[in-house]
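A.B. asks: Dumping the structure here so I can ask a few things about it.
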Amino acid sequence: MGWGDMEPPNGSAAGRSDTCFGVFNASGSRDNAQNSITSPWFSTAFGLIGLCSNLFALCVLLSSSRKLSSRTRSSFLVFLCGLVVTDFMGLLVTASVIIPYHFIKFAWAKVDSGCHLCNFLGFSMVFFGQCPLLLGATMAGERFFGINHPFSRSTSISKRRAWSIVGLVWGFSCLLGLLPVLGLGRYTLQYPGSWCFLTLLPDTGNVIFCLLFALLGIFSVLLSFIFNTVSVVTLCRVYHDRESVQRRRDSEVEMMVQLVGIMIIATICWMPLLIFIVQTVLQQLPASGRVQMLPTETQKMLLIYIRMVTWNQILDPWVYILFRRAVLQRVYPSLRPRPSILSLYPVLNPSLRRKLTA
């Protein structure tokens, strides 16, 4: 996401509100194409940074997963890997559409008169936008039950089950992105004419789809906040409990630090856009049927908020890269592991080891 800032299409299609080309006014956009808000080089540079960051994080994740024996940690790395893959593919797919447009300068309305390319780009924006929010909530929920109800499950989530959950999130986001193609709402070309997204016009289909997308995202962020807050409080109590001095929760702390970082970034980057969508749609409801084109200021604000969302895909991989235990131990030496009873007495019989572990 975040590639929507190239040149506008020909103005001939700008007035057709029944297609994907009639939501913004293309007049004057070409003259402002080099402004900071619409500069193609700004988006291209940060897109490349995001691709490199996610690729580097994916390599680190794959390397770490091969060295792990902890089932809990390995399942968490599967969710992280799904998040990084989603962010990487989101940047790559949108770039594959926008970068050629930037260099070829094709007339969008002529090349894509049937709006197929616009629908694909809009679907990509919704799919790769909603997935990280849902994955963040899923990871927070998994850690919440793992930390607060450790005995409610006989075993931790296996890698196969973790990948199945990631697949379900991808499938749900895919169905959400296909709703405009199936008739609920529509994707339209957005200011300054190089990217497609959901339509903020006050007709029934667009209102329902916009509210569904925005409220689902807000719910995911709030759910992550609740789960992570309770998990952090639980970990703080465990660490200050004298009876559990020997319980090493360094791995849980590392995962929670990463989850809190992902949640903070998602909140800062996504909440302004989601609230803006809800506010814009609800404010325009009284003029339902009479508004055929978005106001210029609304178009520009939407582009600015999409730019903020782009930072989510750039910063997510660095949360894992920088907040790994190996890095944190250099900054905070007290996080280095201390010997436990089991490591001091390796000859303990299996039944006693199980009791002490419990």
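Using the three backbone atoms N, Cα and C, a Cβ is placed for every residue, glycine included.
Where the annotation comes from TrEMBL, it is an automatic prediction and has not been curated.
TrEMBL feature annotations, pasted as is:
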type	residues	note
DOMAIN	53-320	domain 'G-protein coupled receptors family 1 profile'
TRANSMEM	41-64	transmembrane segment
TRANSMEM	76-101	transmembrane segment
TRANSMEM	121-141	transmembrane segment
TRANSMEM	162-185	transmembrane segment
TRANSMEM	205-238	transmembrane segment
TRANSMEM	259-282	transmembrane segment
TRANSMEM	302-323	transmembrane segment
A.B. asks: If we skip the immediate neighbours and take only residues 6+ beyond the ends of the transmembrane segment (205-238), which ones have a Cβ under 8 Å from one of its Cβ atoms?
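C.D. replies: Same-chain contacts beyond the flanks: 126, 129-130, 133-134, 136-137, 139-141, 143-144, 147-148, 176, 179-180, 183-186, 198-199, 244, 247, 249, 252-253, 256, 259-260, 263, 266-267, 270-271, 274-275, 277-278, 281, 285, 288.
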A.B. asks: Take every residue in the domain 'G-protein coupled receptors family 1 profile' (53-320), average their pLDDT values, and give the whole-number result.
C.D. replies: 84
